[in-house]
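Working notes, structure below.
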Amino acid sequence: FLPQVDSANAGRVLASDAAVFLKKSGLTDLVLGKIWDLADTDGKGILNKQEFFVALRLVACAQNGLDVSLNSLNLPVPPPRFTDTSSPLLLSGTASNDLPWAVKPEDKAKYDAIFDSLNPVNGLLSGDKVKPVLLNSKLPVDILGRVWELSDIDRDGMLDRDEFAVAMFLVYCALEKEPVPMSLPAALVPPSKRKPLSVPGAMPLIPSSTSTKESHQSLPPVGILAAKTPLTQ
């Protein structure tokens, strides 16, 4: 990655050049700002080679749902992904399809048992059926909202077996005090959902933009429901 941002080959990266490059990671400005602050240890606005590699490592951590902190630097993560196709380490559609799913088989079996106990219809659970399970975790409402957004991958307002496993995985991560990512890491996308990555907008489940709007409203704000939903699940 370094030659792309260090065109003068000076062994250092300016903040302006790094910002343009790091934005290709798809992370939010807030997260990227935190990454820069951790990497630019003396606040010079310039990263040397070592500090730049720290920044890349933190990008990879953030993309895989890990905490953006120096403690995460030693954890095993796949290489960071950037949208620049000239990058040699870019995970193309085919490569990301080969990523092992972050949900382990033994955990998937547990999540499937919960899924089946909720009486899915045609292999799908509505928001109303998933809600009590999410609320039962006692997690903050905004976190649960993000869990729903990330796990309803095809935006149809329902969760299938794999999407439900993603929701449960994120809930358990949050209960372990791990941050819920702002966007779904590639390793968490179920293998069954990875096929049409290269064709944006090719989602046969959504015939028109109006149904997309409806799907967002299919799970009412969790705060309103918290009072009404008995947490017996």
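Glycine is treated like the rest: Cβ placed from N, Cα and C.
Taken from TrEMBL, the feature domain 'EH' covers 1-78 (among others).
According to TrEMBL, the domain 'EF-hand' annotation covers 27-62 (among others). Across the domain 'EF-hand' (27-62), mean pLDDT in this model comes to 84.
Look at TrEMBL and you will find 107-195 (among others) tagged as domain 'EH'.
According to TrEMBL, the domain 'EF-hand' annotation covers 139-174 (among others).
The DSSP breakdown of the domain 'EF-hand' (139-174) into helical (H, G, I), extended (E, B) and coil residues amounts to 25 helix, 3 strand, 8 coil.
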